[in-house]
Every structure is written in structure tokens, then in C-alpha cells.
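Here's what TrEMBL has on this protein:
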DOMAIN    27-314  domain 'Protein kinase'
BINDING   54  ATP binding site
TRANSMEM  290-313  transmembrane segment
Ligand SMILES: Nc1ncnc2c1ncn2[C@@H]1O[C@H](COP(=O)(O)OP(=O)(O)OP(=O)(O)O)[C@@H](O)[C@H]1O
């Protein structure tokens, strides 16, 4: 983990040019995107277009994140993490800096997106996430540090993407990075062993967080506390059974959780449609009848007219 002195030494102004020692690609810093425990991320112009470049003095953390990005790319059909473009070192006169270059993911943080577009998007985003998690788990990985800040919704057709893969851990090992609110160990509801149920717990906590943007701390019996929280929100209550199952580690796979979530979401859609049909005025049927009448009259008139012409000519 980098300390603050190292972090401040990884700070560069806009216009700084980074040239890779080995691959010789050139990157011009546009601005800082953010900094984490292991490095600083910049937006940079390059021959790849606009990219995000993560720099660090810690080669081990860079290598380990690069390995995770490579593994994520191998998950069939998944584009959860950013694509990896380049890995290199930069000698800037003073010291050697390690960096990797990835796709710049432009979008809104999950919490902002749901706040802006409406809470009904929360379930849809969770379905997308569960889909990707299933692929990831099958490849032997567990995401680990799932939280809304790490998830970005991009594109005109909203798609969930992840900007921090630092917590991704091989199945069976101890989770590398976590955030208390989303960590089942903190809530006393399971271990920090990397297994699918760890991610599913975090997914359930994320769903809770989307409905309760102000996070809360553990107080007393976790199961009781979380049950009261879920039941205290009308929207969240619809997902009661699924959330409790995920919190208690009752799902073996993301696929199973996704299936049950889909059923709840589609039942909600159906009842919404029924409500609209029941209360909406019914001018459509009348319009249709009038249209059919006009068509019949026109047809009959045309037939009579043809017969008349035919008779006249004869
Ligand atoms: N590929 C990317 N596209 C767009 N923004 C990015 C990308 N990668 C990182 N960022 C931005 O840079 C910030 C820092 O990212 P980084 O992965 O270093 O750390 P973190 O997620 O904040 O913390 P930590 O790694 O300690 O959990 C992110 O919060 C995000 O705003």
C-alpha cells in the first residue's frame, strides 16, 4: 500500500508526458481521475485515444491488477472491467514509475445514476451485475470489493462497468480488499473466504445501499437489523426474500439469484401493465371499430362502383 509521501510523488500536472520505457507509447496527462490505496489514476491522451492510466511506485500491486484485468478479459462475453491497452515503466529522471493503461470508462457512478433515473433501475442494474458475476465465478474468481463507487453506468443503453478490480481474488483465498458496509465479515454473517456467496452478500448490501444512500453501522443483531431496514422501505420490501437469502449465504450461484430477481421484476412489470390497462380510458377499441367500419364501407362502395362501371360499359 502506498503511503501519502509516495502518493504525492505520483502527482503530475496536466500536460505531463509519460513515455513507456519498453513499448515507447506516449501519454499526455489531461487530468487526475482519482487516487486509491495503490496508485493514482490519470486521464491521458494517447494513440489509443482517451485512456485511464494508473501509475504507482509499487510494481507488485500494478502486476496483480494487470493480471486481474487480463483474467477478466477472458470471461466470455464480459466487459465488466476496463480493457487493458498497455503495461510499462516510466523513468522520469528521479525514479522508475510503474503503470498500466486501460480503457477510460465514462459514465455515472451507480448511486448517482439510480438517483437520477429512478429507483426502478436498481433491480435492472443488479441483474446485469449478477450476469457478469456468474461468468467471473465460473472462471474461478470472486470480485471482492463490490460497492456502488466502483461501479459506473455507461452508454445510452445503460451498461454496468467496474473501474476498480483491485479486490478481485481467486476462489478459495482470503478476500484481498473490502469495504465494511459490503463485507459479510463485518456484519458477522460469514467468512472473508473468496466464494460466490461473498459477492452475492455484497450485491444484496448494494441493493440496500441504493435504497438507503446514507449507509448505517452495525448495531446489535445483524439479521434483525437488516430485516427491519429492508421491511422499512416499500420498494426494497419487494425483494425481501431474495435479499435475505443472499445475506444469509443461501445462494450457491449468481445465476440462481438472478433468476429469482428476474421473476420478481417481471411480476412487478406485469402488475404495472395491468394497473395501467385497468384504469386507462378505452378509446382504442372504439377507434378500431370506427376504422373497420370505414374500411368496410369503402370496400363495399368500391365493389358496387366496379359493378356499376362494368354494367355501364357492357
Ligand atoms: N478505467 C477508468 N475509467 C474511468 N475512471 C477511472 C478508471 N479507473 C479509475 N478511475 C477513477 O480513478 C479513481 C481511482 O481509482 P483506483 O482504482 O486507483 O482507486 P480506488 O478505486 O479509488 O481505490 P482503491 O483501489 O484503494 O480501492 C476511481 O475512483 C475512479 O474515479
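Cβ from N, Cα, C; glycine included.
All annotation found in TrEMBL is predicted automatically rather than curated by experts.
Remember, it's a predicted structure, so these values are computed and weren't measured experimentally.
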CB contacts for residue 54 (ATP binding site) [other CB atoms within 10 A, all chains]: 26
Segment confidence, the domain 'Protein kinase' (27-314), expressed as mean pLDDT: 87
